[in-house]
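Take a look at the structure set out below.
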Ligand SMILES: NC(=O)c1ccc[n+]([C@@H]2O[C@H](COP(=O)([O-])OP(=O)(O)OC[C@H]3O[C@@H](n4cnc5c(N)ncnc54)[C@H](O)[C@@H]3O)[C@@H](O)[C@H]2O)c1
Ligand SMILES: [Zn+2]
């Protein structure tokens, strides 16, 4: 296993990546200061529960922990205030107190949801991320936790850092192909915002990575997480730098919300969003020739690069103006200046965004 450290003073924590992390959970919890005297509450979803809940519970009970759990429906719809309240009720009934800890066993949905529960339960208790999707290399690190509002994604949330991230790469083997691709979208994003050599490495190793070659996968996750750790350690609460992690997300969140989360998952929406951002960069003269390579690398990972669903530009723009990254309804974008480098642009002209949306729906070059 490899270890990365998020340095945030008293909120610092380790990320363990590699096969066998789940089996080592009791030791890692002890090390993080969560000893066997504390009650644990696992939040997971129906798919992950059927695969890994029993195993996880057994490992923890054998080590002397008292464990209870709550299983939510799979998918983005679990990130709601209604489900949030159900978990709080179950945790109260299970007798969880301020010394207890929540464990998020699942993908980004479960991580965001359980993290938000932990951030607010009795004004905040400890939580641990046990990511089970590739995409969750991103969501499990950095402490952004949230549920959705019918009018927008991640609108009700908090910053609440986990005490530990235990990332067992063995658990990724059961992921459906569509979720694997979605996860690679955020891996690629971490290259696109920070490190051209990482993008090149991802292009060269696309085949091996999609075969889940173990050494390659561990390196990809380590490199992608390192970018996130570097950014978050410098700007925990998104006062500046951290916003670059939103490359592809202003477009992506709007697409995701308008298509219904089922038709387009988060990673797919971000992939199309990164192509849109690259096209917008070229249109504004910020960069030359970035969209072609953006499309190419995404396509190597079987990700969508154009918008096949008929969305009205008016609706997309309205959704973007509601996005919480916007300031006073202005359109704010993270735009590539080259592969591996980005800039934040505030108050982008609406007409240029409309032109990009038109080209994106025609399926190609602007
Ligand atoms: N907090 C952050 O910083 C941050 C960053 C990126 C994304 N996110 C959020 O993450 C969410 C998306 O996360 P996701 O893509 O992991 O989605 P997800 O949690 O819905 O998981 C995707 C699907 O895979 C299934 N699954 C999970 N692990 C599995 C496994 N090991 N084997 C088989 N099936 C498995 C799940 O049941 C689900 O059906 C979005 O809500 C997004 O907003 C948050
Ligand atoms: Zn994302």
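A Cβ is built for glycine as well, from the same backbone N, Cα and C atoms used for every other residue.
A TrEMBL annotation is a machine prediction, not a hand-curated record.
Confidence annotation: the domain '3-dehydroquinate synthase N-terminal' (70-181) carries a mean pLDDT of 97 in the model. The annotation domain '3-dehydroquinate synthase N-terminal' is assigned in TrEMBL to 70-181.
The feature NAD(+) binding site is assigned by TrEMBL to 108, 109, 110, 111, 112, 132, 133, 144, 153. Of all the Cβ atoms in the protein chains shown, 26 others lie within 10 Å of the Cβ of residue 112 (NAD(+) binding site). In the three-state DSSP scheme, residue 112 (NAD(+) binding site) falls into the helix class.
Feature annotation from TrEMBL assigns domain '3-dehydroquinate synthase C-terminal' to 183-325. The domain '3-dehydroquinate synthase C-terminal' (183-325): residue composition by secondary structure is 103 helix, 0 strand, 40 coil, according to DSSP.
Residues annotated as Zn(2+) binding site in TrEMBL: 186, 249, 266.
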Subject >> Chain-internal residues, separated by at least six, CB under 8 A from residue 108 (NAD(+) binding site) >> reply: 133, 135, 136, 138, 139, 140, 266
Original post:
Which binding-site residues among 112, 133, 249 have CB under 6 Å of ligand 1?
Top reply: 112, 133
Original post:
To test your reading of the Zn(2+) site: which residues beyond 186, 249, 266, same chain only, put their Cβ within 8 Å of the Cβ centroid of those residues?
Top reply: 135, 138, 185, 189, 248, 252, 267, 269, 270, 273
**OP:** Run through the domain '3-dehydroquinate synthase N-terminal' (70-181) and tell me, per DSSP, how many residues are helix, strand and coil.
**Re:** 47 helix, 34 strand, 31 coil
